[in-house]
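Peer 1: The feature active site, proton donor is assigned by Swiss-Prot to 274, with similarity to another entry given as support. Residues or ranges marked as active site, nucleophile by Swiss-Prot on the basis of similarity to another entry: 379. According to Swiss-Prot, the feature disulfide bond maps to 43-55, 57-62, an assignment based on similarity to another entry. According to Swiss-Prot, the N-linked glycosylation site annotation covers 58, 98, 185, 208, 309, 501. Taken from Swiss-Prot, the feature signal peptide applies to 1-39, supported by similarity to another entry.
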């Protein structure tokens, strides 16, 4: 069944919270709801029996947002998503000269400045590209608009696997000709030329913002490896500085050359996706093992100099690209060597073992030791652990896990956050080793339909409102609460605050900006809000 734009009766207009008159608790809450205007279209909700809903999209209908505009001076915008089904709904409030509420006070400290943000995005894997391209052109366009356009959540980062990974339907590298040390047979296969590259171009055309690409390899060609296989325990043959290592470093340059021929240039490359994976016996999918010492020497003697002496010398090099549990030691080993450190722009981290690795002891300590080396979250997904269901359509909890991670990362100096697959099928694939996981967008090819999950909107509460160049500033709470909060100043001088409530309790709060006054509001249980206001 094709969906048309829902009528007012089917989906009543959001009513905001003007009805809250508990003056003793909050004062008059001066928020009024903005009706859906111009291009914005409401969510077409569907429940699959989990904690919240997905928004259903097809070739004729998809929910959308208006291009972001700053509220008038003296007012603030509040964008709300809730477990009960609101999705980035806009209401406006008036900034007060005096505080009327008695709940939690969050005070902006604009002089307390921290890291500048690079951005937010996801990965164009083979699996993501296969799913997106299986949609009709109209539905495909709406999916990419949802992620990249002003009517969507305005991603500005795309991760590109260098050749195959587990989210491929076959194993391949860009040069599977044995002992081709000159890389004469290096070539991009159909996965790049017909799947990923056309979709990346379409995304860039739809985006109003500048979009940065970064690439990560999973495995080298097998003839460069000790075990002669794409997976399992194996490293590069020989040692740093030799023919094997130099050939592997030149493979990076060949990749960048090949994409440049397709008019795509990269912001960064990571030295290796999850280098510890290739140190594990029986590792099931593509990997290439490095210890921190091996990565240090490979960067210092091979990858660093070869990139620097190529036409891609401006491409940034990110080390680690693995669990933050490995910090700060991995950074200490690599960055203690000035020959390696001079080539390293940043440290990329994955989220899978975060429950074993407190942010303060890992990210915080690494920033303390290396304040000039940026931290960047390069991969996250839910559903990968053996006890987890791969896909849970409409899970609010999974959305909260994303936003909690993003806020925690921002509070510990991380400059960007990258989701894993941009889109998967209802099984959580395809994946050649059946390592199925969840994704913010699930594509049902048979119905030419895709589902935008709570994870999509949780990410959007950051990506749409925190453009590249925004700077995190202090936001101090008057007392302990159940809220996760973060504040930033945007390049246009306006301020943005994100408030996540993972508890069931409504939390009355006031946001104070010393430059303009007080914003009285409430954070309902199981909700996320983004606040935006001018500071002058």
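Cβ from N, Cα, C; glycine included.
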Peer 1: Which site among 58, 185, 208, 501 has the most other CB atoms no more than 10 Å from its CB, taking these as glycosylation sites?
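Peer 2: Within the set of glycosylation sites, the most crowded position is 501.
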Peer 1: Per DSSP, to which secondary structure element type does residue 379 (active site, nucleophile) belong, with helix, strand and coil as the options?
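Peer 2: Strand, per DSSP.
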Peer 1: Based on Cβ atoms within 10 Å, give me the single least packed residue among the glycosylation sites 98, 309.
Peer 2: 98
Peer 1: Helix, strand or coil by DSSP: which one applies to residue 55 (disulfide bond)?
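Peer 2: For residue 55 (disulfide bond) - judged by DSSP and reduced to three states - the answer is strand.
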Peer 1: Can you give me the Cα-Cα distance between residue 98 (N-linked glycosylation site) and residue 501 (N-linked glycosylation site) in Å, rounded to a whole number?
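Peer 2: Distance (Cα to Cα, whole Å): 25 Å.
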Peer 1: Could you state the CA-to-CA distance between residue 309 (N-linked glycosylation site) and residue 57 (disulfide bond) to the nearest Å?
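Peer 2: Their Cα atoms are separated by 47 Å.
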Peer 1: Say you check the Cα of residue 62 (disulfide bond) against those of the recorded positions 43, 185, 208, 501; which is nearest?
Peer 2: 43
Peer 1: Using a 10 Å radius around its CB, how many other CB atoms surround residue 274 (active site, proton donor)?
Peer 2: 25
Peer 1: Between residue 208 (N-linked glycosylation site) and residue 501 (N-linked glycosylation site), how far is it from one CA atom to the other, in Å?
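Peer 2: Rounded to the nearest whole number, the Cα-Cα distance is 31 Å.
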Peer 1: As a test of the contact definition, list every same-chain residue at least 6 positions from the residue listed as 'active site, nucleophile' whose Cβ is closer than 8 Å to its Cβ.
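Peer 2: Correct list: 123, 159, 273, 321, 350, 351, 418, 419, 420.
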